[in-house]
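Enquirer: Checked TrEMBL, it gives:
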type: BINDING; residues: 50, 53, 56, 246; note: [4Fe-4S] cluster 1 binding site
type: BINDING; residues: 180, 200, 203, 206; note: [4Fe-4S] cluster 4 binding site
type: DOMAIN; residues: 41-71; note: domain '4Fe-4S ferredoxin-type'
type: DOMAIN; residues: 159-190; note: domain '4Fe-4S ferredoxin-type'
type: DOMAIN; residues: 191-220; note: domain '4Fe-4S ferredoxin-type'
type: REGION; residues: 117-155; note: region 'Disordered'
type: TRANSMEM; residues: 320-341; note: transmembrane segment
Ligand code: SF4
Ligand code: SF4
Ligand code: SF4
């Protein structure tokens, strides 16, 4: 029997010797950069002020000369899903930013833009309309607010749009980088994760390794592409194109420490104002990827935006697995050796 079971510390993320999991105070220095390396940079995306203009998507395509494609990655196809204002569909080899549009039919006061239903009263449904019956509404309900949970205290029926500009998370523990056999994926001096297109051999190992489903292969030669956090611009002292284009500062770029402090303040301010559901995603360095270089302020559960609720770096268990394999191999060798010695006697 090996000393490692699936319930042991090695497989639960509690192993202090596992360098593929857990917080890393200096992710750049950990990769061998000299002590005077630049501060780690990243994105704080405050989705509460995103207006869905997609300027970030366009700026990314333009700066990086990404081809037009549809949601399946077919180049030069007219990329319309036909089901939503979200015509990009998802992140992909040719879409390194993706603005998710989530329509929620519920009462909301702040902070997202809202619209009322069309009606005679300048777009507002009059209060005297026949009440809409919803499951769970008591039969004794008489007022508009009681009979229709979608009505606000002002009598409006409203929906809200959640918009979020998604991107590579530039993880502290980046499984895409861990499994790359060619060194095409590497950690930059800014602490970001970049893929070098001239070194990628198209093996695709990194694609299932990413816990967020970010990195993607092009259909023609299989090479992978994703956000570089504009490495070329950073080395010239410029901020990323998407952050420069965002008109509402939903995408904020800067030193990760400063962004984290700003995000904490923003979250506290929203919670003080009673904004339900506000939370930070990817901010916690004790999460499954050791915290993200690109993290978010969300207004609902991560799943609502198509984000995994509890991502874990997919290489977390590799050390324990190799130790199990080694222990098993040593046991087999021991059995064979003892059988051999026994036969000679
Ligand atoms: S989000 Fe995926 S592609 Fe981006 S650094 Fe993390 S593992 Fe790699
Ligand atoms: S940082 Fe650069 S590469 Fe990444 S999404 Fe923004 S514009 Fe695109
Ligand atoms: S993140 Fe900024 S640029 Fe992108 S859609 Fe939202 S508001 Fe527009």
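Cβ atoms here come from the backbone N, Cα and C positions, even for glycine.
Predicted automatically and left uncurated, TrEMBL annotations should be read as such.
Looking at the shown structure, can you explain where the listed features end up?
Expert: Taking the Cβ of residue 50 ([4Fe-4S] cluster 1 binding site) as centre and 10 Å as the limit, one finds 26 other Cβ atoms among all the protein chains shown.
Its Cβ placed at the centre, residue 206 ([4Fe-4S] cluster 4 binding site) has 26 other Cβ atoms within 10 Å. Under the DSSP three-state reduction, residue 206 ([4Fe-4S] cluster 4 binding site) is assigned to helix.
In the predicted model, the domain '4Fe-4S ferredoxin-type' (41-71) shows an average pLDDT of 93.
Residues 20-24, 27-28, 31, 33, 37-43, 45, 47, 50-52, 56-57, 91, 96-106, 108, 112-115, 150, 196-197, 199-201, 203, 205-206, 209-212, 214-215, 224, 226-227, 229, 231, 234, 242, 246, 250-251, 282, 285, 289-296, 298-300, 304-307, 313-316, 318 of the same chain, all 6+ positions outside the domain '4Fe-4S ferredoxin-type' (159-190), place their C-beta atoms under 8 angstroms from a C-beta of that stretch.
A Cβ distance under 8 Å defines the sequence-distant neighbours of the domain '4Fe-4S ferredoxin-type' (191-220), meaning residues of its chain 6+ beyond its ends; these are 27-28, 39-42, 73-75, 90-94, 167-171, 174-185, 226-229, 231, 234, 256, 288-289, 293, 307-308, 311-315.
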Enquirer: Validating a neighbour-count step here. Other CB atoms within 10 A of the CB of residue 180 ([4Fe-4S] cluster 4 binding site): how many?
Expert: 23
Enquirer: Let's check the environment of residue 200 ([4Fe-4S] cluster 4 binding site): how many other CB atoms sit within 10 Å of its CB?
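Expert: If we count other Cβ atoms within 10 Å of residue 200 ([4Fe-4S] cluster 4 binding site), we arrive at 22.
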Enquirer: Taking 8 Å from the centroid of the Cβ atoms of 50, 53, 56, 246 as the cut-off, which other residues in that chain fall inside it around the [4Fe-4S] cluster 1 site?
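Expert: For the [4Fe-4S] cluster 1 site, the extra neighbours are 51, 52, 54, 55, 99, 163, 165, 242, 245, 247, 248, 250, 251.
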Enquirer: Residue 203 ([4Fe-4S] cluster 4 binding site) to residue 246 ([4Fe-4S] cluster 1 binding site): how many Å between their Cα atoms?
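Expert: About 35 Å separate the Cα atoms of these two residues.
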